[in-house]
Amino acid sequence: MFLNNQNFEKKTSSYSTNNNSSEKIVDLKNPQFIYKIRLESTSTDNLLHLDIDKSETDGPNTEQHLELSSPPRIDKKNKNFNKAHDLLDNKKNKNRQRKKIKNKIHIDDDDDNFSDSTSNSAQTAGDLAISLMRPPKPRSQSIKKVIGNNKIPQQKKQQVASSIDQSITLPNSPPESISLINPLTIQELSRLICIPETDIIKYLFLKGISVTINQTVDNTIISSVAKNFGIAVDSQEQNNKKKKLTNLDIPVIVDNHHCVNRPPVVTILGHVDHGKTSLLDYIHKSNNANKEVGGITQNIVAYEVEFKHQQIVFLDTPGHEAFTSMRSRGANLTDIAIIIIAADDGIKPQTIEAIQHLQKANVPFIVAISKIDKNLDSVDKIQHDLVAQNVISEKLGGSVPIIPISSVTGENIDKLLETILLLAELENLQADPTQLAQGVIIEAHLDKFHGPAATLLIQNGTLHIGDNMVIGMTHAKIRAIINNAKQKINLAAPSSVVEIWGLSSVPATGEVALVVNSDKEAKLKAIENESTNSIIVQKQKSLNSRITLDTISTINAKDENKQVTLIIKTDNQGSTEAILDSLSQFPQSKVQLNVLSIFPGEITATDVELASTTNSSLIGFNTNFAPGSRQAAAKLNVIIENYQIIYALIEGVREKMETLLDPEYSEVPVGEAEVGTVFSLANRKIAGCRVTNNKLLKNSWIKVLRENEIVYQGKIESLKRIREDVEEIQAGNECGIFISEFQLWQTGDKIQSFDLVPKKRSL
């Protein structure tokens, strides 16, 4: 747009001739703003000033203001902008809404529609009035929708926050008392006593015990922590009473009308190699004693024997000291027990242990003195020795039958069986076959063809194919029932010992097995039992990373890295438990023993890889090698140790731990001497000595004592007599001693010579 020269001249002339004339200014056509001129003092100047200010809104540099006189379509958008701008000032999300509104503003660059400034201003005023009268419905609705959509999540957030606050402000209060059964980790202890882990760790740190939340502490430390926070700890006797009240090993008989007599369960106990298996071989007409590795029983073995048309179930238990848990379990499962004592060996520690188990369980028992074919004269002596264990024979006026037997000749074997049936009749053993089956797992293993399998002693009820069962953390739908003759049967009556298939995992030995109504119920109960760790898991946890009050005071910083890590594969759960029991007896103040994994099953390539990765020793016990495991071991240079006898395994682990011990020496005195004079030779101090006892040897260890305090300990480097080097000096002779690292000899120093003899390292 160009400036009109004619108009410009007319305007300038009017300014120059008459400043008060405003009419000529009105005659101007299409005035254009060039720059602002402020004139003072006259009314005409004021009018001109107002016109020029008005022209500010009409020039090409103010297109946004000119848009107010645009067509009605544009005015609608502007009216919404003005109204929405007022509404959004009071909204929390006004910035977001303002941005949306501004994005919808359209600027029209066509200036040809503006021809007259007067008409433009009038039209603009009218348009503004109309726009202000109309409510901005579309914009307000969109705003309401935005606000409405945010209300529900906000309410949910508030509800979640309030629930979190309640959970934080309402913690579980610490219990008044707790019962201790097994060692716990710091995290588990925190959950048990409802005390934060940090508080427990802080308390132990102040006691000089540094732990983490995953480390296991023994019952003494747990008791100390509980008492510090005002929580009582139940004694072992109280725990035993609670166990007896909830003992599921005892069959529950509901309806006496359905009860029938059941066969007695007889457990044979005694010291190792006293003839337990030989007795069962004679009764069962088998030869298992000669088939056993090492000549010892390492598992609980069950037999069903028929005598005089009556059934008797025998359980043969291991006699080795490592199988204490098995013997204890056998004593608790049995109706009648037989204690075997060899006539040529007498009463042994495992014999006394078996008697104590039976007396605690209040189980009637018979004493059978075996091997009388070798030594019959010792029978009376054994009877009198048993009195010290509160076992009084019928011959001496007591109630315990004592029967001399021979498994070689069969002498008095029938008398022993008759006595068993007589005791069973007196005990009135009964069960209800109409109930759901209930029993105890005697043994469990992983079968390579059938999966997890278990040997079950049925105490009450009848077990059927297809029954749903829960065994601790394991659930099962019984696929097969195998009797003692290795035959598949459809059902098993009370006092039967059968093998069952169809388990979800290998259960722990000693677990209670219960038949339930549905598969869903079995799975739910198995999940509930997961909160209480299985017997094996508890024993493994108590063995690994143990921290006790005794070890805290004896362990050194340099011993913390001395650790033997084991991966063990066994033949069954009974062996697993026995191995853990034996390993837990090892002292761990000098070397820590860590069982990384222990399970029944074959040694696999995965086990080999795990052993290689963790630098662990891979040990097998009476188990086989899976395909590919030997090749993996050769490739990864992993040595696999496979044992057949449990005490060989235990000694092998002990040797591994002892090899990590620092060498220990004992001092053996050799001789004594006394310093008579000190002289220098080539800037070296020489001690002139007289040997007062035995002799001195070159390169032997010596102690230099001054006023009964050791001032030096080391080796003799040079030993001279007059000017000659000698290897030894006998008592009564004089000699010169030189030690390069000790030059502070004084007259009157005592010298004690000794040898360091390596001691046998022990844990």
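Using N, Cα and C of the backbone, Cβ positions are placed for all residues, glycine too.
The region 'Disordered' annotation in Swiss-Prot covers 1-22 (among others).
The compositional bias 'Low complexity' feature in Swiss-Prot is assigned to 13-22.
Annotation comment: Swiss-Prot describes 52-122 (among others) as region 'Disordered'.
The compositional bias 'Basic and acidic residues' annotation in Swiss-Prot covers 73-92.
Per Swiss-Prot, compositional bias 'Basic residues' is recorded for 93-104.
Per Swiss-Prot, the feature region 'Disordered' maps to 149-168 (among others).
The feature compositional bias 'Polar residues' is assigned by Swiss-Prot to 151-168.
Per Swiss-Prot, domain 'tr-type G' is recorded for 261-429.
Mapped onto three states, the DSSP output places Lys276 (GTP binding site) in helix. The feature GTP binding site is assigned by Swiss-Prot to 270-277, 316-320, 370-373, with similarity to another entry given as support.
For the binding-site residues Gly270, Asp273, Ile372, the ranking by surrounding Cβ atoms (within 10 Å, all protein chains) places Gly270 first.
Counting every protein chain shown, 30 other Cβ atoms lie within 10 Å of the Cβ of Lys276 (GTP binding site). On the 0 to 100 pLDDT scale, the domain 'tr-type G' (261-429) averages 80 in this prediction. In the three-state DSSP reading, Ile372 (GTP binding site) counts as coil.
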